[in-house]
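Per TrEMBL, the feature ribonucleoside 5'-triphosphate binding site maps to GLY15, SER16, GLY17, LYS18, GLY19, THR20, ARG126, VAL135, TYR136, THR199. The feature region 'NMPbind' is assigned by TrEMBL to 35-64. The annotation AMP binding site is assigned in TrEMBL to SER36, ARG41, LEU62, LEU63, VAL64, GLY89, PHE90, PRO91, ARG92, GLN96, ARG170. The region 'LID' annotation in TrEMBL covers 125-162. Among the features that TrEMBL reports, domain 'Adenylate kinase active site lid' is placed at 126-161.
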Amino acid sequence: MASKLLRAVILGPPGSGKGTVCQRIAQNFGLQHLSSGHFLRENIKASTEVGEVAKQYIEKSLLVPDHVITRLMMSELENRRGQHWLLDGFPRTLGQAEALDKICEVDLVISLNIPFETLKDRLSRRWIHPPSGRVYNLDFNPPHVHGIDDVTGEPLVQQEDDKPEAVAARLRQYKDAAKPVIELYKSRGVLHQFSGTETNKIWPYVYTLFSNKITPIQSKEAY
């Protein structure tokens, strides 16, 4: 196995099971799971300069602009030059992908293609704990007590944009932004697309793909 650092990206619409797949990759292959949503929450909590800028948009229910997310992620990646990593939620746009190009070469890009009906069902069953970003699904990882976060005991909420009427709009928005990113990585021969309705059925293929690039730290039973 080459000792080259592995730089991977995962793409997928909201509700595609990205978070679950990322956790499994991190667990099985020792990659750092770098989530743009997590870093955004951390920076807002710590009132950093970029966190304060992002907060102004979020409070107005606006999307945080490209350049703000790019700045945030670039500084996080600078701190992780010596690590294998997996990016989740970045790059979402062509502009972000081009910014990423300037600091490293991406080796592997996974795109999850999940049917619209499946996404709609999953998101309507999704409840979150906003302070931590923990996500629950009433079907496959429900909280111990309905409506309550397992760790803090605080109430869970359903996001407005997880409600069925908003899902179609979010998916369209995702597809429009992701299309040029997917095309870019496809043209470089690093894109691998996985389709299906169940994360557990997609996972063995993802595991095999990563096994060819990096030695697993444990067997694929680690779900």
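Even glycines carry a Cβ here, placed using N, Cα and C.
With a cut-off of 8 Å between Cβ atoms, the residues of this chain six or more beyond the region 'LID' (125-162) that come close are 14-15, 19, 37-38, 41, 170. GLY17 (ribonucleoside 5'-triphosphate binding site) sits 24 Å from LEU62 (AMP binding site), counting Cα to Cα. Secondary structure of the domain 'Adenylate kinase active site lid' (126-161) per DSSP, as helix, strand and coil residue counts: 2 helix, 12 strand, 22 coil. Counting only the Cα atoms, the space from TYR136 (ribonucleoside 5'-triphosphate binding site) to LEU62 (AMP binding site) is about 24 angstrom.
In the predicted model, residues of the domain 'Adenylate kinase active site lid' (126-161) average a pLDDT of 89. Ranked by CA distance from GLY15 (ribonucleoside 5'-triphosphate binding site), the binding-site residues SER36, LEU62, VAL64, ARG92, ARG170 have ARG170 at the top as the closest. Taking Cβ-Cβ distances under 8 Å and a sequence gap of 6 or more within the same chain, LEU62 (AMP binding site) has no neighbours at all.
A distance of 15 Å separates the Cα atom of ARG92 (AMP binding site) from that of GLY19 (ribonucleoside 5'-triphosphate binding site). Separating the Cα atoms of GLY19 (ribonucleoside 5'-triphosphate binding site) and SER36 (AMP binding site) is a whole-number distance of 12 Å. It is GLY19, among the binding-site residues GLY15, GLY17, GLY19, whose Cβ has the fewest other Cβ atoms within 10 Å in the structure shown. Between the listed binding-site residues, namely PHE90, TYR136, the fewest other CB atoms within 10 angstroms of a CB are found at TYR136.
VAL64 (AMP binding site) counts 18 other C-beta atoms within 10 Å of its own C-beta, drawing on all protein chains shown. Close to SER36 (AMP binding site) in the fold, though at least 6 residues off in sequence, lie ILE69, LEU72, MET73, LEU87, ASP88, GLY89, PHE90, ARG92, each with a CB less than 8 Å from its CB. The maximal spread of the ribonucleoside 5'-triphosphate binding site, taken as the longest Cα to Cα distance among GLY15, SER16, GLY17, LYS18, GLY19, THR20, ARG126, VAL135, TYR136, THR199, is 15 Å.
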